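Now, the feature entries from Swiss-Prot:
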type     : residues           : note
DOMAIN   : 1-126              : domain 'C2'
BINDING  : 187, 371, 405, 722 : Ca(2+) binding site
DOMAIN   : 327-365            : domain 'PLD phosphodiesterase 1'
ACT_SITE : 332                : active site
BINDING  : 332, 521, 661      : 1,2-diacyl-sn-glycero-3-phosphate binding site
ACT_SITE : 334                : active site
ACT_SITE : 339                : active site
DOMAIN   : 656-683            : domain 'PLD phosphodiesterase 2'
ACT_SITE : 661                : active site
ACT_SITE : 663                : active site
ACT_SITE : 668                : active site
């Protein structure tokens with residue numbers, strides 16, 4: 001039997017196993033020893049802990065809770081809603097007995113994919129087989145039910161958002177909210193001379209917003225509460241730095257501002273990730289420097305409540321899993337929640353306003369769309385010099401600093417309360433003291449969740465909140481799998497997981513009609529479909545579907561003869577010393593991900609008579625960089641970098657990457673996702689890094705009969721103006737061949753200028769071709785002359801790590 005593609009949704013129920021004999025599990029001498037050891041060292045239960053999993057070949061897609069004290073007839077009665085995009089011969093149900101370290105295999109049941117391919121419901125008792133495919137002792141069977149729904153049966157497949165009645169992403173913890181308002185931010189600040197003229201519907205022009213100024217105003221004007229979560233919060237930075245836009249009190253640091261607000265009686269609470277090991281393996285590569293202990297010390301003994309919050313595991317994992325979670329994973333949500341004046345003013349009532357996205361309130365984040373390397377070193381960046389990619393980099397040795405490109409948003413209306421509730425859930429689980437503002441007691445001042453714009457207002461938004469988080473980090477999750485499923489949560493091996501960010505991405509990609517534009521700090525995943533080139537793909541476990549969904553979407557459009565384009569912007573390399581083991585390992589995973597996608601695209605082009613077409617006309621990858629000529633009056637450092645280092649080479653060549661830290665996807669100019677979640681397994685898993693994101697659209701600006709021309713379109717055009725240094729008519733339709741070829745041509749030219757021996761003028765734009773080649777079969781190769789990133793000895797295609805576990809770098 002050949003493998004078949006399962007692309008759609010799988011509804012599965014695992015009921016029970018009948019008359020199980022525990023020979024495969026804990027019986028006999030070994031079982032009694034293990035039980036005694038567990039009781040002696042205080043782990044485990046000294047009894048069977050049976051659970052079942054669902055796999056599509058070697059990709060784990062579902063797992064039940066553990067059942068104790070039922071060694072012969074475990075009953076789970078758990079249902080699963082599974083997004084799939086896998087090649088498989090069988091759906092495999094595995095029964096295991098959990099141990100403190102690892103698990104004992106009982107056996108596996110197999111249902112051929114061809115039995116479910118046409119959508120029939122299959123409800124059967126399946127033989128449980130051992131590794132040799134023989135029935136296990138006693139002839140046990142597992143009772144399961146399966147039904148598959150292919151994407152073509154999805155009423156939203158390829159249809160975009162058809163109307164304002166679109167209900168949002170199904171099976172999620174938070175429902176979609178209407179009557180909201182969203183402000184979109186590119187970078188921490190927009191100076192007054194960044195003014196692209198971008199026409200929108202209704203005769204308006206796009207107007208950019210200023211993120212850190214708005215956050216400064218929101219904190220300054222709060223009267224009752226200021227709640228902040230971050231991967232890092234650094235007390236010594238200032239939010240307002242534009243000398244042409246001074247603000248009263250704007251010269252204060254974040255730390256002093258928060259202390260001042262707390263002393264005025266505002267409840268100021270910070271949940272900052274407690275970098276426990278400060279993950280030594282990564283830290284030596286320059287990947288982590290969060291100031292967590294400095295921040296805690298700064299607020300000690302003040303009115304500000306600052307809690308360092310470790311990424312604690314839920315209770316369901318093995319000892320090894322729990323150790324992995326607490327030492328390897330992070331709290332990555334970046335939110336600010338405040339009470340605010342009413343939009344109309346003149347009222348004593350207050351409302352909730354929230355900020356969500358990729359920007360932490362810490363050093364190295366303040367930047368503008370100009371992303372200067374050298375010219376702000378005596379002004380905005382003199383006291384905020386960030387360059388973790390070179391050993392020993394310092395303002396005294398000069399630039400290039402690492403420019404920072406990021407995306408954030410402000411949420412108003414009912415959606416802002418969902419962000420508040422997320423904070424309350426997290427504080428209740430990990431904050432300790434009961435100090436949250438009691439909203440009921442402020443009921444006469446803070447209005448309950450209500451629309452901030454009327455449904456007739458053409459600027460109105462519908463917005464939904466998504467997360468990656470589990471019961472170890474958020475209180476209030478239901479205990480039973482049935483209640484969890486009803487709340488849009490996934491039950492794992494005794495932990496409850498919110499994985500809705502991944503679901504939101506999958507849903508949006510499947511809906512897409514014309515094009516997708518992604519900016520993300522990482523791009524790796526769907527490892528179940530990687531080539532087994534020096535690895536065992538089943539051991540990588542970067543199983544999230546996003547890269548595979550993108551390539552399957554392109555393939556489906558090629559088959560249908562319809563135009564569809566995907567643009568992806570990533571950093572040149574993940575932040576850190578580029579030659580280091582961790583950075584090189586991540587680049588290797590990224591290469592394997594791109595390769596998997598290009599192989600899909602090239603195969604589809606061949607099968608549809610389009611052999612010889614450039615796959616970059618369908619799927620194209622970019623990075624950002626800058627290069628500046630020296631100007632009179634520039635900051636002169638007092639020292640020099642060490643000779644023959646990346647640092648001195650970059651300084652002399654006057655170039656460096658612009659770090660892409662964004663986590664954003666735009667679909668058809670009508671739908672946008674912005675958050676803290678990267679396109680990697682850490683962010684998309686739900687039980688690894690904690691994340692938050694919004695997905696939203698403007699009901700009056702959909703891509704139905706004509707192209708969408710609302711805020712999302714304006715935002716994309718403004719980003720492209722930032723990256724390409726120009727506006728062009730072809731950019732209005734990213735789905736066209738003319739557009740993708742023009743963008744590729746410009747990015748190729750900019751890469752040639754960036755990587756050339758010398759440059760007589762500033763780089764005219766920042767968008768660079770990602771420096772890889774694509775062979776005829778889709779294999780990723782070196783671009784001629786581009787084995788290493790400029791000024792480094794770091795391989796562009798990365799190197800597989802022999803010592804770093806994939807769970808750390810995926």
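Even glycines carry a Cβ here, placed using N, Cα and C.
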Checklist entry - Can you name the recorded positions among 187, 332, 334, 663, 668 whose CA is within 10 A of the CA of residue 521 (1,2-diacyl-sn-glycero-3-phosphate binding site)? => result 663
Checklist outcome for this item: For the domain 'C2' (1-126), the DSSP residue counts stand at 20 helix, 67 strand, 39 coil
Checklist entry - Using DSSP, what's the helix, strand and coil tally for the domain 'PLD phosphodiesterase 2' (656-683)? => result 3 helix, 15 strand, 10 coil
Checklist entry - Looking at the recorded positions 332, 334, 661, 668, which has the shortest Cα distance to residue 187 (Ca(2+) binding site)? => result 661
Item to check | Distance from residue 371 (Ca(2+) binding site) back to residue 661 (1,2-diacyl-sn-glycero-3-phosphate binding site), taken between C-alpha atoms, in Å | outcome: 13
Checklist entry - Beyond 187, 371, 405, 722, what residues of that chain have CB atoms within 8 A of the centre of the Ca(2+) site's CB atoms? => result 186, 367, 368, 369, 370, 403, 404, 406, 624, 658, 723, 766
Item to check | Alpha-carbon spacing, residue 371 (Ca(2+) binding site) to residue 663 (active site), which is rounded to whole Å | outcome: 18
Checklist outcome for this item: Candidates 332, 334, 339, 405, 722 (recorded positions); nearest Cα to residue 668 (active site) turns out to be 722
Checklist outcome for this item: For residue 334 (active site) and residue 722 (Ca(2+) binding site), the CA-to-CA distance in whole Å is 24
Next on the checklist: I need the nearest neighbour of residue 332 (active site) among the recorded positions 339, 405, 663, 722, using C-alpha distances.
Outcome noted: 663
Checklist outcome for this item: According to DSSP, residue 722 (Ca(2+) binding site) sits in helix
